[in-house]
Each structure stands twice: as C-alpha cells, then as structure tokens.
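These notes are about the structure you will find just below.
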C-alpha cells in the first residue's frame, strides 16, 4: 500500500483498559465465630478468614483490579485508614471507595473472577454471588463471570487452608 494514499484512522471514542487483581486469606480455626464472607455473601459451615477486615477475598481482588487501572491504592491505604479511624471492616465499603476512584469518563463493562479453594462449596452460590457483586458495582449479573476450582489438593488453597481469588476487569474510557 502506498503510504501517501493512506487515510488516517479516526480517533477512537472509547479506549479499553484491563485491570487485574488478586487476594488470598487463610482460614481462622474451626472454633472461630467470625463468618466466612465472599462477594458480600455469608457462607455457612466454614470459618472466617485471618484478616483485619472481614477478609472478603472476592471484593479485595476486585479492589486490586480497579487499583491497577486507577493507580489509587485502596487496600493497604484507604482501607487501613477506614479501619483505624472508623473501625470499618466491611470490604463492601472498600469496594465502594475503589469504584469512586474511577474517573467520570470510565465505566467497568465486565468483571471476570476465578476462585480457588476446596471449601466452601461455591457452585450453589454462584448465582447469588453474581447478583450481589453486580448490585454493589451497579452492573448487571451478565457483566459478572465467575469460575471456581477446588484446586484438587495441589496448593494450600486446594488443601483447604484458605481461599484465593483473581479478578480481571474491563474498563471503557470515553475520549473526546
């Protein structure tokens, strides 16, 4: 093709950014009364996590994915400040703070989550997780994809010592 005859591409109206986040926590002893909270949902018959907060690894992984787009650190900075000054341990509040860090011209369009752990059992609550995460993030449940694996005993998570979560999200950014 002759470079002199090339037509310049129009400036795109939308650019897409990808965020990635991870979090993991070890379970407390079985005798603990702290609830096991994942994606804002309580999972019965499983102890809570060793964490200063409620230990919600799904919300934490989403926060970290948003931070990778906005460069505003929520966990370890904003969350610690909320804990120390106001005693807030609810990871849903941390996620709300992460969402506020998005620019007005940015919108999350898709969230993909994968969880590894032999317990609790996730399959029966996948729909409730999608619904709750979508509600907190002002998305539709079809914008949330969740997969879970037991790990089959190959890692500490697969052996039942804790749970690990990865999140990849797509952010659409409008450009003038």
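Glycine is no exception: its Cβ is also placed from the backbone N, Cα and C atoms.
Look at Swiss-Prot and you will find 23, 25, 60 tagged as divalent metal cation binding site, backed by sequence analysis. The feature 4-CDP-2-C-methyl-D-erythritol 2-phosphate binding site is assigned by Swiss-Prot to 23, 24, 25, 149, 150, 151, 152, with sequence analysis given as support. Annotation source Swiss-Prot lists site 'Transition state stabilizer' at 52, 150, citing sequence analysis.
Features as recorded by Swiss-Prot, highlighted on the structure.
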residue	record	DSSP (3 states)
23	divalent metal cation binding site	strand
52	site 'Transition state stabilizer'	coil
60	divalent metal cation binding site	helix
149	4-CDP-2-C-methyl-D-erythritol 2-phosphate binding site	strand
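Cα to Cα, residue 152 (4-CDP-2-C-methyl-D-erythritol 2-phosphate binding site) and residue 60 (divalent metal cation binding site) are separated by 24 Å. When other Cβ atoms within 10 Å of the Cβ of residue 152 (4-CDP-2-C-methyl-D-erythritol 2-phosphate binding site) are tallied across all protein chains shown, the result is 10. In sequence order, 24, 49, 51, 55, 56, 57, 58, 61, 75, 165 are the same-chain residues whose CB sits within 8 A of the CB centroid of 23, 25, 60, the residues recorded for divalent metal cation being left out. Ranked by Cβ neighbours within 10 A across all protein chains shown, the binding-site residues 25, 60 are led by 60.
Sequence-distant contacts (6 or more apart, same chain, Cβ under 8 Å) of residue 52 (site 'Transition state stabilizer') comprise 80, 83, 89. Around residue 151 (4-CDP-2-C-methyl-D-erythritol 2-phosphate binding site), the same-chain residues at least 6 positions away in sequence with a Cβ under 8 Å from its Cβ are 116, 117, 118, 157, 158, 159. Between the CA atoms of residue 60 (divalent metal cation binding site) and residue 24 (4-CDP-2-C-methyl-D-erythritol 2-phosphate binding site) there is a gap of 9 Å. Residue 23 (divalent metal cation binding site) sits 16 Å from residue 150 (4-CDP-2-C-methyl-D-erythritol 2-phosphate binding site), counting Cα to Cα. In this structure, the C-alpha atom of residue 25 (divalent metal cation binding site) lies 15 angstrom from that of residue 150 (4-CDP-2-C-methyl-D-erythritol 2-phosphate binding site).
A C-beta separation below 8 Å, combined with a sequence spacing of at least six in one chain, links residue 149 (4-CDP-2-C-methyl-D-erythritol 2-phosphate binding site) to 114, 115, 116.
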